[in-house]
């Protein structure tokens, strides 16, 4: 255990040293010899969805053992370890296109997790606070929270999208970026091997010359390392264009004059008719167009300017409190910078939106800065509250209702107009499973959009899914929606009983009781920042050193894995029933017992027959 602590202490020392962005790391390849880093890596990924999906070689994490780790380390020592080609599958996207996903062999995944933990120790301390994708303690919600809290006053929003970002990252440019902080060619070459591993698609092998493989464990952090240069570039632009101070900000007289002119023209048009009215409204629209291209404020040096920036993976937005010309200039500068890095702005997705009159989109959320109408707010002066008319320049966020309904339609919950439908693919499930499945879809949507303004907009989505669940139950039982609600209530409560008829559990559709808007209701979890303690915990709980829990033999012990311990609509049979009773997806077994499990010879065994039942249950 002391050796384990030394391994993790070294990683923690690397993390602390790299709080200095100029620090250069050397002799880190030797960490790839540390058995305990592989054990912690295995423990971290062993139960994640997809890790029982076979790679191209047909292997899974089943039969993973200490011997597997030691074989990897021996290959690391003579530098003969190679990453095998991943199996590529195409995943459908909402727009009808597909995105590639790579399924790597299990040993490759464990090695990648070790590499990822080392790269995280090197780069995480100095990653930008504006970068939120694939980082501990960061998420879509932290990115949107940053916009909510710091984007007041923004007049223009640049929606940024990098065309095929993950697929087009230059390997040579990425390696050059890594070499700025890593002076260890053996470690660099190991990463190069991972990048060059290629993939199999429909049985044919394709070499990889560009991009980080999607679905790879190290792909997200490598993308963040590469895009960190974009973060630094934009942050320099933020400093370069920082102009004026808050106390210097005054309203531009020309802006106020044009504003009064627009208001006067609209009032005049209300009293007119026909062609005369149309001509006046045309002048009002012309005045409004000029207003949209102007900043409302001046400073002593004739211009108050602020630039904001947030990035999540390859999605980013820039906010400009200043003229549209500056927004256009920034888009051009960023596009040129990305081109020099070997990437390309997606022209069809990179828009400049007026923050008040147009809607920008970021991370599935519609974004505007305030509204066009002024409102009365209470301000505090000398301890007393006074009413003040303000223009409303704070960020406002909404759910994209039309897109959500279209997505629900594509998944069979409603028709194109949002009318609930029977979910035919689930009518063969148990009643509680139908309510749980459809309820989980609704729970995911309401949790993601918990922070939006006008939260009650989501009542439409709740209605669709609540009634889709009721219609599915009605179809299954050849009944009607009204009878289902009469029997189970509005929340579709289903009671689950044991063989004696006793209620052991009940399931309900998660209905919202209060539609009160809470703009600060972001779902942000706590972060376990103690790497040493967390890693030792993973290492300590590992059963990779344990004997066989069935017969207590120490001969060729490996982990027996199952893909699921519970799966809706399927009866649990055979040896899997033991794992269900243990609530475990992996147990250590010797080679002989492992063969018997797969041959079905232990299908009738129970936990009391195990030589080490407590180890199995731990």
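Cβ atoms here come from the backbone N, Cα and C positions, even for glycine.
Confidence over the domain 'Reverse transcriptase' (72-367), given as mean pLDDT on the 0 to 100 scale, stands at 89. Per Swiss-Prot, the feature domain 'Reverse transcriptase' maps to 72-367; the stated evidence is sequence analysis.
The Mg(2+) binding site annotation in Swiss-Prot covers 161, 314, 315. Shown in sequence order, 161, 162, 165, 166, 223, 227 are the residues of the chain, 6+ apart in sequence, with a C-beta less than 8 angstroms from the C-beta of residue 314 (Mg(2+) binding site). DSSP assigns residue 314 (Mg(2+) binding site) to coil in the three-state reduction, placing it in neither a helix nor a strand.
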Given the Mg(2+) site residues 161, 314, 315, which other residues of that chain have a Cβ within 8 Å of the mean position of their Cβ atoms, reported in sequence order?
160, 162, 165, 312, 313, 316, 346, 349
Coarse DSSP state, helix versus strand versus coil, of residue 161 (Mg(2+) binding site)
strand
Which site among 161, 315 has the most other CB atoms no more than 10 Å from its CB, taking these as binding-site residues?
315
